[in-house]
Amino acid sequence: MDFELFILGSSSATPSKGRYQSAQLLKIHNDYFMIDCGEAAQYQLSRYKLNHTKISHIFISHLHGDHFFGLVGLLSTMNLYGRKNPIHVFGPPGLDEIIQIQLKYSETLLQFPLHYTTLENEGSEHILDHPLVDVYTIPLEHRIRCNGFLFKEKPKSYKLNKSKLPEDLSLLEIAQLKQGIDVYDENGNVKALVREICMPALKSRSYAYCSDTKVNEQYFPYIKGVDLLYHESTFLDELADRAAKTYHTTAKQAAQVAKEAEAGKLIIGHFSSRYYDTEPFLLEASSIFKHTYLGTEGSSFYVSDRISHEDNS
């Protein structure tokens, strides 16, 4: 099953040449999940031939404009293209009011259901139980309320070795084996053991999106062992003091977070427009965390191929 991340925008507060404001698209099988929606989001979707009609859920981290100013424009375009399927938006208090005011005064009547979930909990919470994935918030520390998001693939079924499968098992008992549960008869006698019949289930994959934040160890437990981690890195370490004052992170700090969290791979982004060249970010971070990648426009990453923690040392 596909589990692929597309980077649509990598700039911070203001866009710069070739770089746009925060927006990502996570493809899980045939479902599209959008994470933040900066001004150029719908343009970037079109540019990279990512079909906006497949987007079913949109997650907004916080109410700084570079993370949501493209949302109403995208919803309006979906409407113009005749969308009928519902869309689910998750975001902080106030975003639903902003959306409704913009739609009201532009006299836009959506022809599809828009469901809004307000994220008010200051701790981590389970916000979406989807057939393919569970989504949790990651409480971050920014100048205003801000959440990251953790996407965890649903546990995978065990695979059966059919040559070892007893012939007298019912479909219900076979389903039980696939869930990793041994099968016994009504007298408690063993009919089938998982360890003898099943091959180990593949590990479920995970992706964590850490938007604007200063480093705070309180969110580390929520990203522990994640396969793919996106962490903002607005500044290089030479501006660590400014990063702290503005509640942002440096490339060096992002790498230290990934190392502490024992992540598989790290993507860095949200680069300040003061930097034309992003290569120094990669050099700074990869000196601490080997498997670091620049999350620049048009890049994509598969959430798979787990890298061991030791290999990142």
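Even glycines carry a Cβ here, placed using N, Cα and C.
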Of the candidates HIS126, HIS130, HIS270, the one that Swiss-Prot places in the Zn(2+) 2 site of ASP66, HIS67, ASP212: HIS270
Of the candidates HIS115, HIS142, the one that Swiss-Prot places in the Zn(2+) 1 site of HIS62, HIS64, ASP212: HIS142
Cβ-Cβ distance under 8 Å to HIS67 (Zn(2+) 2 binding site), same chain, at least six residues away: GLN21, SER22, ASP36, CYS37, GLY38, ILE60, SER61, SER211, ASP212
Cβ neighbours within the same chain of HIS270 (Zn(2+) 2 binding site) - under 8 Å, at least six residues apart: SER10, SER11, SER12, SER22, SER211, ASP212, GLU232, SER233, THR234, HIS248
Proximal but sequence-remote residues of the same chain as HIS62 (Zn(2+) 1 binding site) (Cβ under 8 Å, at least 6 apart): PRO92, HIS142, ILE144, ARG145, CYS146, ASN147, SER211, ASP212
Set of same-chain residues at least 6 away whose C-beta sits under 8 angstroms from ASP66 (active site, proton acceptor): SER11, SER12, ALA13, THR14, GLN21, SER22, GLY38, GLU39
Intrachain C-beta neighbours of HIS64 (Zn(2+) 1 binding site), sequence separation six or more, cut-off 8 angstroms: ALA13, HIS142, ILE144, ASP212
